[in-house]
Amino acid sequence: MLGQQQQQQLYSSAALLTGERSRLLSCYVQDYLECVESLPHDMQRNVSVLRELDNKYQETLKEIDDVYEKYKKEDDSNQKKRLQQHLQRALINSQELGDEKIQIVTQMLELVENRARQMELHSQCFQDPAESERASDKSKMDSSQPERSSRRPRRQRTSESRDLCHMTNGIDDCDDQPPKEKRSKSAKKKKRSKAKQEREASPVEFAIDPNEPTYCLCNQVSYGEMIGCDNEQCPIEWFHFSCVSLTYKPKGKWYCPKCRGDNEKTMDKSTEKTKKERRAR
């Protein structure tokens, strides 16, 4: 008799659990359908706004080209000044449109991420208790760590005069400032050469043999890229690129700071004279 009562209790408990899971499943499906149905409309609205901004941006670029062509052909100084101001306003407008496009794309990305996160939270209701507990612990650990922002930073607005010089590239008032493209290329080269020098200037990372010969002005072992002095009697012979301020091997002859004359392509006269005397003997 007792066994039958226990079985009935188990059956009723199982029925309650099944009913609860069915209710949760029904809620999940309903939320999922609402999310899936509304997401395309929200994305389409953002895409439409993005397309409108892009059309305005293309029109502004065309306006910039037209005004710049007129500026190059204009001889009157007053008219050139008016065209320059017109060009300046168009450049500012183009940058603002670009910033708005970036903001719309960021909103679209956040919209998709929020919907995915919402569905993931709902799906945890159907996991086993042990799995649900592990997922909860994992989410707590993730929340305790510094959160990485997925938001793309807005581009900083530069000054109007720098924007103008960046696009016109030949206007009288901005001739002393190099074009942005050239500045960016120069900055990239400097960054690459600096990183390369930092890598070459750190021989500590290598396992150094105490009996290994040393070179260069720094009296360190051979590592990284090195260049040889063209003076046959040079006491040091080899030099690290970073120690002699080189980023690439120069063409022709090269002399180290101890052996060079007026420049790195010529040898010191006193050193050359001593060399000739030795040959005469």
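Quick reminder: no glycine exception, Cβ is built from N, Cα and C everywhere.
Per Swiss-Prot, the features are as follows:
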- 123-204: region 'Disordered' (REGION)
- LYS196: SUMO1 cross-link (CROSSLNK)
- 213-262: zinc finger (ZN_FING)
- TYR215: site 'Histone H3K4me3 binding' (SITE)
- MET226: site 'Histone H3K4me3 binding' (SITE)
- CYS229, CYS234, CYS256, CYS259: Zn(2+) 2 binding site (BINDING)
- ASP230: site 'Histone H3K4me3 binding' (SITE)
- TRP238: site 'Histone H3K4me3 binding' (SITE)
- 261-281: region 'Disordered' (REGION)
- 265-281: region 'PBR' (REGION)
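Per-residue confidence over the region 'PBR' (265-281) averages out at a pLDDT of 58. Taking CA atoms as the reference points, CYS259 (Zn(2+) 2 binding site) and MET226 (site 'Histone H3K4me3 binding') are 17 Å apart. Sequence-distant neighbours of CYS229 (Zn(2+) 2 binding site) (same chain, 6+ apart, CB under 8 A from its CB) are ILE236, GLU237, TRP238, PHE239, TRP254, TYR255, CYS256, CYS259.
MET226 (site 'Histone H3K4me3 binding') and TYR215 (site 'Histone H3K4me3 binding') are 10 Å apart (CA-CA, integer value). Each of ASP230, ASN231, ILE236, GLU237, PHE239, TYR255, PRO257, LYS258, ARG260 belongs to the same chain as CYS229, CYS234, CYS256, CYS259, is absent from that list, and has a C-beta within 8 angstroms of the C-beta centroid marking the Zn(2+) 2 site.
In the three-state DSSP scheme, CYS234 (Zn(2+) 2 binding site) is classed as coil. ASP230 (site 'Histone H3K4me3 binding'): 16 other CB atoms within 10 A of its CB, across all protein chains. Its own atom aside, the Cβ of CYS259 (Zn(2+) 2 binding site) has 21 Cβ atoms within 10 angstroms in the protein chains shown. Annotation: TYR215 carries the greatest number of neighbouring Cβ atoms among the recorded sites TYR215, TRP238 [cut-off 10 Å, Cβ to Cβ]. Cβ neighbours of MET226 (site 'Histone H3K4me3 binding') (same chain, under 8 Å, six or more residues apart in sequence): TYR215, CYS216, TRP238, PHE239, HIS240, PHE241. It is CYS256 that, of the binding-site residues CYS234, CYS256, has its Cβ surrounded by the most other Cβ atoms within 10 Å. Secondary structure at CYS229 (Zn(2+) 2 binding site), as computed by DSSP, is coil.
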